[in-house]
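S.K.: Pulled from TrEMBL, these are the listed features:
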- 1-22: signal peptide (SIGNAL)
- 20-210: domain 'Cytochrome c' (DOMAIN)
- Cys41, Cys44, His45, Met85: heme c 1 binding site (BINDING)
- Cys141, Cys144, His145, Met187: heme c 2 binding site (BINDING)
Amino acid sequence: MKALQRVLMSSALLLLVDNAQALDGKKIFMEGGAQPGAMPCVACHGADGSGMAAAGFPRLAGLPAPYVRKQLEDFKSGSRSSPVMRPLAIALTQAEVDALSQAIAAMPAPAPAALHRSEMPTTAAQQLAWQGAWERQIPACVSCHGPAGSGIGDAFPPLAGQPAAYLAAQLSAWQNGTRRNDANDLMGHIAKSLTAEEVQGVAQYFASLNVEAKP
Ligand code: HEC
Ligand code: HEC
């Protein structure tokens, strides 16, 4: 009994020590997590977290910490299906997820392009993004994703500057049900209402709204 108590005591102490040491999220990003399979994020998301457009790997820099945490949980649970991210998310401890989310949120994000409301939408994609298509119950993308797609609060991620291939892939994932992770299936409803042409159009439009990508 004494022995068992001692073991319990020492593991409780270990836990305390563990929690007391704040993990370095940037280090995990660059070097990977402690458990096998927790690959460094830098390999695919870039040292500055700006992603890899050609491969369709999303930018992470500046994403809100609660959004990052939620996505990692959704990859784990499978409500957002990704054969690449699932094993990586599973390999992370909760403390590593917390540290990574904070570090990612603190990475400088590209400044969003300035858009003026007085500008009139000239293409069908711009019209969809700014005004939606009410006859099909599609609200304007910017009403949730912010002016110029720069994101709003913790729940509505930025679209501006994400690779077009990534944005289009996410919309298709909602269309075919492999991403079904938003609370009220708002995005599911919206994505399913878009034609293939519209998916490509809005993806390219939001991808182009990245001042850093312009000369
Ligand atoms: C082998 C390449 C690879 C590595 C390594 C990798 N990722 Fe990813 N990540 C991806 C891909 C591909 C996606 C897009 C998944 C999809 O299709 O939904 C993604 C998506 C994400 C997203 C969702 C972004 C969004 O806008 O919704 C987050 C968050 C993320 N990764 C975090 C991480 C973290 C944290 C690490 C390091 C622990 C990491 N990734 C390591 C390839 C990778
Ligand atoms: C009613 C609010 C709402 C509207 C309108 C809306 N979205 Fe979303 N969208 C969301 C939410 C919430 C998420 C994040 C879901 C989650 O938790 O993963 C999201 C996520 C996304 C993502 C994934 C981003 C990433 O980093 O993985 C894409 C792409 C997207 N929306 C495109 C669009 C487009 C294009 C439109 C307009 C046709 C649009 N959205 C309109 C609420 C909205």
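Even glycines carry a Cβ here, placed using N, Cα and C.
Surface or core, plus neighbours and distances: that's what I need for these features.
M.R.: Of all Cβ atoms in the shown protein chains, 16 besides its own fall within 10 Å of the Cβ of Cys44 (heme c 1 binding site).
Annotation for Cys141 (heme c 2 binding site): spatial neighbours Leu128, Ala129, Trp130, Gly132, Gly149, Leu159, Val202, Phe206, criterion Cβ-Cβ under 8 Å with sequence separation of six or more.
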S.K.: With the Cβ under 6 Å from ligand 1 as the test, give me the qualifying entries from the binding-site residues Cys41, Cys44, Met85, Cys141, His145.
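M.R.: Result: Cys41, Cys44, Met85.
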S.K.: For ligand 2, which among the binding-site residues Cys41, Cys44, His45, Met85 have a CB under 6 Å from it?
M.R.: none
S.K.: Whose Cβ lies within 8 Å of the mean position of the Cβ atoms of Cys41, Cys44, His45, Met85, the heme c 1 site, other than those residues?
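M.R.: Going along the sequence, the neighbours appear as Met39, Val42, Ala43, Phe57, Leu60, Val84, Leu88.
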S.K.: Name the one residue among Cys144, His145, Met187 whose Cα is closest in three-dimensional space to that of His45 (heme c 1 binding site); these are the binding-site residues.
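M.R.: Going through Cys144, His145, Met187 one by one, the Cα closest to that of His45 (heme c 1 binding site) is His145.
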S.K.: Just the number: how many Å between the Cα atoms of Cys41 (heme c 1 binding site) and Cys144 (heme c 2 binding site)?
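M.R.: For Cys41 (heme c 1 binding site) versus Cys144 (heme c 2 binding site), the Cα atoms are 28 Å apart.
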S.K.: May I ask which residues of the same chain, at least 6 positions away in sequence, place their Cβ under 8 angstroms from the Cβ of Met187 (heme c 2 binding site)?
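M.R.: Met187 (heme c 2 binding site) has long-range Cβ partners Trp174, Arg179.
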